[in-house]
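Noted in TrEMBL for the protein shown:
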- 1-22: signal peptide (SIGNAL)
- 58-154: domain 'Cytochrome oxidase subunit II transmembrane region profile' (DOMAIN)
- 84-105: transmembrane segment (TRANSMEM)
- 126-149: transmembrane segment (TRANSMEM)
- 156-296: domain 'Cytochrome oxidase subunit II copper A binding' (DOMAIN)
- 298-339: region 'Disordered' (REGION)
- 312-330: compositional bias 'Pro residues' (COMPBIAS)
Amino acid sequence: MKLAKTLLLAIGLACAPAIAQAQDAPQQAATVAAEAKPVAAAPAAADEVLAPKAGIGMPTDRVIGLQAQFSPNGRRALWMHDAVLMPIMVAICVLVLGLLLWCIVRFRRSANPVPSKTSHNTAIEVIWTLVPVLILVGIAIPSISLLAAQFKPAGKDAVTVKAIGNQWYWTYQYPDHGGFEVVSNMLEDQPKAGAKQRTDADGPRLLAVDNRMVIPVGQEIRLLTTSNDVIHSFAMPSFWVKLDAIPGRVNELAFKAEKEGVYFGQCSELCGARHAYMPIAIEVVSAEKFKAWVAAKGGKMPGRQTPHRPRPPLPLPPPRLPAFLPPPAANPARVPTDD
């Protein structure tokens, strides 16, 4: 009887978060819908939806490798993973497993009735010290250069996009293009009344959104991230991008998309009950389509900046004498001196 009560109590505690989430979901959705009002001039429904391609920019069934990369840093990181890290890890695992099996067979009790009295072997100790050092150096050299490339500041011609994390949706601002804002919420298969329903053209389940982050192809992007509530993380695997969004702080990362298309990611920092329903969708378009999209959102393309001309320095004011000193006379009398 006591065991049955314990099991019932455990089942109740396990189901409590799901029940609470189901009860809070309508209120959260209403709150998000009330707050998430984009300031763009054109409605999101008027945007031309670019259909994603299967296997590109999204997870693929029965694949254990990394996603295909479409950015310079991503291709470099994928090469390091496939050509450097994986061969080294496989070789080490095979070597260690082989040594274990050899030791089991070679030093079994039946073949060695008298235990070995060997205490050390200088040659073996030198080998197992130098070889790991060389392996670590071989991994560190490309790793350090890749890290430096990942955090290289964006150039002056980069397109700035500010991604703001909220519970549980993203807001994208374009400060270089008039400062307009796009609010991105996940599309559901069974939406509530008045909400848009997800289709295959929007993207996979739990990854499709109503408004995507749009960027031009082949142009450097300056990604800024911050948060309005808790810590989030902006992750886009196909571009090798992962940047935390922290309240009260702005993080920066530069990347470049090399191919047009739709790419999907997710918030990668546990941020609450609906953390799993906070997808990211980036639509990479041509420069002409990006310009038209900016105009449809009520923004404007940045103009050519005029060179900065420093102003001439202002004349210094006359020195002010202390109040206890008399002002100087116009024609001061000559004081006689003894020659």
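Heads up, the Cβ atoms here are built off N, Cα and C, so glycines get one too.
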For the transmembrane segment (84-105), find every same-chain residue at least 6 residues outside the stretch whose CB is under 8 Å from a CB in it, and list them.
-> 135, 138-139, 142
Per DSSP, the domain 'Cytochrome oxidase subunit II transmembrane region profile' (58-154) contains 64 helix, 0 strand, 33 coil
